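Listed features, source Swiss-Prot:
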type     : residues                              : note
ACT_SITE : 413                                   : active site, proton donor
BINDING  : 26, 261, 358, 385, 463, 471, 522      : substrate binding site
BINDING  : 66, 114, 115, 116, 156, 185, 261, 439 : thiamine diphosphate binding site
BINDING  : 155, 185, 187                         : Mg(2+) binding site
SITE     : 26                                    : site 'Important for catalytic activity'
SITE     : 261                                   : site 'Important for catalytic activity'
């Protein structure tokens, strides 16, 4: 029987060999954390390699994602569908083993990690989801949700500010099933961290309210084993296990230095490591005995079967709850969703209201949350401004309301967004979280990660323009809406009234293949009249709101607008119409969605031969030339805003009927 060290060495040499073959990568972290991983994965981790999507599996997140060969080695050795050939294709085009772990490639990878600090933050989201789902569905004697979230992280993760946001909240919420392993090796890319990272990490996390187990020898399996047992015994606080490790452990000449952090060791050093660790096997060769001891398939199948029996007993005792649990973990919408949500939209169209779109958003939440118990909302300390609370909101606390449906994220925009991604990845919830659009900047990378991972995170942004007014340019978005539109696989909506707002929310809920950004105003907006056909076309991202004649070839001019500027476009069209100009107005609440429509529909809205076009949006002007062409005009922002009442600002920056008409006449 192989020793624990030999089992860990299998990770080390797979990592060394794969990085060497790829001619790039990070061998140091996998070599340094191999002993910790061996104990966690073989003694504690509840998982089934034959079914990576088992609902009650433990979640493992590698926050220091540059050490990706660690998780790839673990998945391969324990029996997931990740072959030795897949490891040989590390970092190659279209492989299952990209340079950083990516969700949806290798089975068993729970989240995409790489930008440091986001993995630990995703892990907080996973742990919130587990605890909340457990309190919503578990009943005495029927614990169908009962799993841990384990996360590996390094110095870089703890230096990133997002780790403070996430770990502070995790302590406040008492996430007792979150267990983090800190790879305390004192090395980062630039060298020994003494010159730039001297925090007392133990005191830092104790101040957050975490249970901290310090000074664990990360190469001593007995100490690691005991630390995990202690961590599992503490059920009211998250645990940080501080593991003293040697980066590149086993490399005689490069261990404990930054030389092994982010580059192949080299053939000579790998040969020296083989001799040092007494590993007599060829590259990518693992003895059958070691494979047998690592294989977790049988153990995992037994564990899942036992859970299925528990679920069957639960279904017998609580059939309605069991059906609801199954629906939610399968990410299926309620049977009445389509009809009820459409009825709500039609009701709004039939009952006009001139309200701020942020208020329209709250009304949509109120209507939809009653249909969607999986909604898990929140705001970054701006609930009264973002209007994200509804009549059934139940804020989650560490002990009280652990079965709630709303998270007070505090002033943590980046943390909130990455936590939402963890909640979405976990399953059972549709997370939404809000802040001012300007503060999206703090969270931009987490929004991008949601899009990359194709997760249904709903990012709500209010106070969307200079319409914010007196708070001034520090709080007035200019380029933010366009920046969001440029993120691949993110659908960005900027609705013009309560109807478009409700449609945007509906589209976001129904979109399973990616996130949405929902952008709303502070100021009131007039509701637009629509025919049934126009109402149906709102969901297509852009549509003709004002026709000038039956024949689509007839317009002299097309005005394109979004959000608060749609009303302005309609008023300008009335003035031009009175002067004999045939004007079509296109409302385009989502350029992303409109661009995905078939060519015939896009041509019906924006006929290519009608080149006289003006776009109107209280955001950066440059974005709109893709629609109006170089000969067109854009009424938009080309500078930062000012501190003044909103009506004065709109006039100052040219968002007036007179200016829109003047711009139109320049090209007529």
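Each residue, glycine too, has its Cβ placed from N, Cα and C.
Shown here: features listed in Swiss-Prot, placed on the structure.
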| residue | record | contacts (Cβ under 8 Å, 6+ apart) |
| --- | --- | --- |
| 66 | thiamine diphosphate binding site | 26, 29, 99, 100, 114, 262 |
| 115 | thiamine diphosphate binding site | 445, 449 |
| 155 | Mg(2+) binding site | 183, 184, 185, 186, 187, 188, 193, 197 |
| 261 | substrate binding site | 26, 28, 29, 187, 188, 189, 247, 248 |
| 385 | substrate binding site | 358, 436, 462, 463 |
| 439 | thiamine diphosphate binding site | 380, 413 |
| 522 | substrate binding site | 356, 358, 462, 463, 464, 467, 468, 469, 646 |
Cβ neighbour count within 10 Å of residue 156 (thiamine diphosphate binding site): 20
Cβ-Cβ neighbours of residue 185 (thiamine diphosphate binding site) (radius 10 Å): 25
Inter-residue C-alpha distance, residue 156 (thiamine diphosphate binding site) and residue 471 (substrate binding site) (nearest angstrom): 35
Neighbouring C-beta atoms (10 Å sphere around the C-beta of residue 413 (active site, proton donor)): 28
Alpha-carbon distance [residue 471 (substrate binding site); residue 116 (thiamine diphosphate binding site)] in Å: 33
Remaining residues near the recorded Mg(2+) site, that is with C-beta within 8 Å of the centroid of the site residues 155, 185, 187: 154, 183, 184, 186, 188, 193, 245, 247
Under 8 Å by Cβ from residue 471 (substrate binding site), counting only residues of that chain that are 6 or more apart: 643
